[in-house]
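J.: Grabbed the feature section from Swiss-Prot, which reads as follows:
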| type | residues | note |
| --- | --- | --- |
| ACT_SITE | ASP99 | active site, proton acceptor |
| BINDING | ASP9, ALA10, GLY11, ASN12, SER13, SER14, LEU15, LYS16, THR122 | ATP binding site |
| BINDING | TYR90, GLY97, VAL98, ASP99, ARG100, THR172 | substrate binding site |
Amino acid sequence: MSGCRILLDAGNSSLKWAVVEDGTWLARGRSDYSDLSAVEAELDAGSECFIASVASRVYEEKLAALLTAAGCSAVWLKSEAAFDDVTNDYRDPTQLGVDRWMGLVAARARRRAPTLVVSAGTAMTVDALSGDGSFLGGLIVPGVALMQRSLQQGTAGGAAAGGAWQAFPRCTADAAYSGIIAALCGAVEGQHVRLAAHEGISPACLITGGGAETLLPHLGVDAEHVPTLVLEGIERVARAGGRG
């Protein structure tokens, strides 16, 4: 695989990866940090690895050791003030999660118009991109599992685990789960309304992350599911020499 670029999206709970050569995506997958054998099989001395990480220090060290042992070069990407015609209006651009930044870079390449970028993972982010490519800001909301854990630990009776979506739930487990889904979808829908008012036009909506398929059937806005969004952003920055 020498000469290939390895793209690594190191999230809180899993590693998403892709192998790209001359603009062609050869392979991609998702691995738990407990078993990185699928990623290891793609590594070879001379491969360039570009990493966007919000993972814990322990997971980052495990990943770094794997890349070093394989003889790969590693570029750990950071959020910056601008890339191409995307500008990062965060109060301190370096404090924006690099996964969010890569998602915005990819979204701008896909849509030259106002766009809401939703990443539904361990936490859900809902980021607003203006028509001229300015990142206006965004929300961070606990994801489904975090909200469930909070209810179980923070209520006297402990909300029942599991549950299924019901428009009018009639048991505690369903009520808790349906409330979580409604809250997450409401965050997306509210930001969609606010971005439309700001831009004077209904924005596109792109959604990525492991929880996307859970939310999509319940969203009150049209959204395109793009599982590779963060990896696409990494690939664009990698082609530009690793500065994003």
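Note: Cβ is positioned from N, Cα and C throughout, glycine not excepted.
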J.: What three-state secondary structure does DSSP assign to GLY11 (ATP binding site)?
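T.: Note: GLY11 (ATP binding site) is coil by DSSP, not helix or strand.
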J.: Cα within 10 Å of the residue listed as 'active site, proton acceptor' is the criterion; apply it to the binding-site residues GLY11, TYR90, THR172 and give the hits in sequence order.
T.: GLY11
J.: By Cβ count within 10 Å, point out the most packed of the binding-site residues listed: GLY11, GLY97.
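T.: The residue with the most neighbouring Cβ atoms within 10 Å is GLY11.
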J.: Just give me the nearest neighbour of THR172 (substrate binding site) among the binding-site residues GLY11, SER13, LEU15, THR122, Cα to Cα.
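T.: That would be THR122, nearest by Cα distance.
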J.: Whole-number Å only: compute the distance from the Cα of VAL98 (substrate binding site) to the Cα of GLY11 (ATP binding site).
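T.: Between the alpha carbons of VAL98 (substrate binding site) and GLY11 (ATP binding site) there are 10 Å.
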J.: Quick one: pull the CA-CA distance for LEU15 (ATP binding site) versus TYR90 (substrate binding site), whole Å only.
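T.: Rounded to the nearest whole number, the Cα-Cα distance is 26 Å.
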J.: Per DSSP, VAL98 (substrate binding site) is which: helix, strand or coil?
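T.: For VAL98 (substrate binding site) - judged by DSSP and reduced to three states - the answer is helix.
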J.: Can you give me the Cα-Cα distance between TYR90 (substrate binding site) and ASP9 (ATP binding site) in Å, rounded to a whole number?
T.: 21
J.: When the number of other CB atoms within 10 A of each residue's CB is tallied over all shown chains, which of the binding-site residues SER13, THR122, THR172 has the maximum?
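T.: Output for this query is THR122.
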J.: On the Cα atoms of TYR90, GLY97, VAL98, ASP99, ARG100, THR172, which are listed as binding substrate, what is the maximum pairwise distance in Å?
T.: 39
